[in-house]
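So the structure is just underneath, and the comments pick up after that.
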Amino acid sequence: MALWGRRAPLVLGLWGAGAGTRGLLGAHAGLAGPGVPRSMRLVVICYLCHSAFSVRITGGRRPISFSVGASSVFGSRGNSEKGKLSLLDIAELIRARACQRVVVMVGAGVSTPSGIPDFRSPGSGLYSNLQQYDIPYPEAIFELSFFFHNPKPFFTLAKELYPGNCRPNVTHYFLRLLHDKGLLLRLYTQNIDGLERVSGIPASKLVEAHGTFASATCTVCRRPFPGEDFWADVMADRVPRCPDCAGIVKPDIVFFGEMLPQRFLLHVADFPMADLLLILGTSLEVEPFASLSEAVRSSVPRLLINRDLVGPLAWRPRSRDVAQLGDVVHSVERLVELLGWTEELQDLIQRETGKLDGRDK
């Protein structure tokens, strides 16, 4: 489930000056830094508590080698129909191991098949059903000022979102299979449900852009806590308190006005290294996450698996873009079929489901 519920601001050239908004959702400046080797392309995003700055340092393309078959699929730069790719082309690139540094971006649409509600769906999203929490407006439940004034609504909602209530689905296990095959460079997720971890993807491969319930921190003395230490209180309808100072223990979920996790900053350099970008189940409406879809080299294929055509793939498409629109799970299953991984994926799901069954007994 993706945490943020606000649309991205209008940004000039995506990395240029844009209209600011509260918290981390404003992208205010785009600068080119001098003295950077031309062989490098680096994307650096700096965040402050009440503003965000985007810096792109550009130079020549990083050299990359492909097999003859892969090179013919990538073709020359431009927007000619000859260079267009299909889902089958993406599968063939992966099968040929022409793409070995896959970066993945996922949003709420990946977790909703597991029973996790998203925030924005009209009528069914959490923002449409928050009246019961006695809050002045929906976003208040994730604002620090309201949280410190009245933390009860957030923890009531957190009880509904308890990670143990749902299990990974086919898409999570497909991403786990990418990792098992040594192809996953990094998985960037907007979701706070932790299902990527449950599927067996190691934390070192994850960037949980909007935080996680896997850990928590005292809001007063900053003592860290493992996630399991506060869930007993949450499930008993109590506000978790620090045993040292009695401060509120808050899960490490990114609220409006908070800085994103440090890992988000450290691993933005993954995108210039990527040789394939997969974008699954996200509206690409929320900054700064959405801008990452533009951070891969122009020669790198971008595969969007989503209900709708969204973000830069809609309004500034590239010749190497592929959009597989419709149900996310069905589209992933189709890709798995083209890859010839169906049996492996079924075996993985059966094995991991058995482990979860044993754990829950």
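Yeah, the Cβs are placed from backbone N, Cα and C, and that goes for glycine too.
Remember, predicted model here, so these are calculated numbers, not experimental data.
As recorded in TrEMBL:
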type: SIGNAL; residues: 1-20; note: signal peptide
type: DOMAIN; residues: 80-342; note: domain 'Deacetylase sirtuin-type'
type: ACT_SITE; residues: H210; note: active site, proton acceptor
type: BINDING; residues: C218, C221, C242, C245; note: Zn(2+) binding site
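Annotated features, which come from TrEMBL, shown on the structure.
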residue: H210; record: active site, proton acceptor; CB count, 10 Å: 24
residue: C218; record: Zn(2+) binding site; CB count, 10 Å: 20
residue: C221; record: Zn(2+) binding site; CB count, 10 Å: 11
residue: C242; record: Zn(2+) binding site; CB count, 10 Å: 19
residue: C245; record: Zn(2+) binding site; CB count, 10 Å: 12
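Sequence-ordered, the extra residues of this chain that approach the Zn(2+) site, with Cβ no more than 8 Å from the Cβ center of C218, C221, C242, C245, are T219, V220, R222, R223, P243, D244, A246, G247, V249. Cα spacing between C242 (Zn(2+) binding site) and the residue listed as 'active site, proton acceptor': 23 Å, rounded to the nearest whole number. In the three-state DSSP scheme, H210 (active site, proton acceptor) is classed as coil. On the 0 to 100 pLDDT scale, the domain 'Deacetylase sirtuin-type' (80-342) averages 90 in the predicted structure. Taking the C-alpha positions, the distance from C221 (Zn(2+) binding site) to the residue listed as 'active site, proton acceptor' comes to 22 Å.
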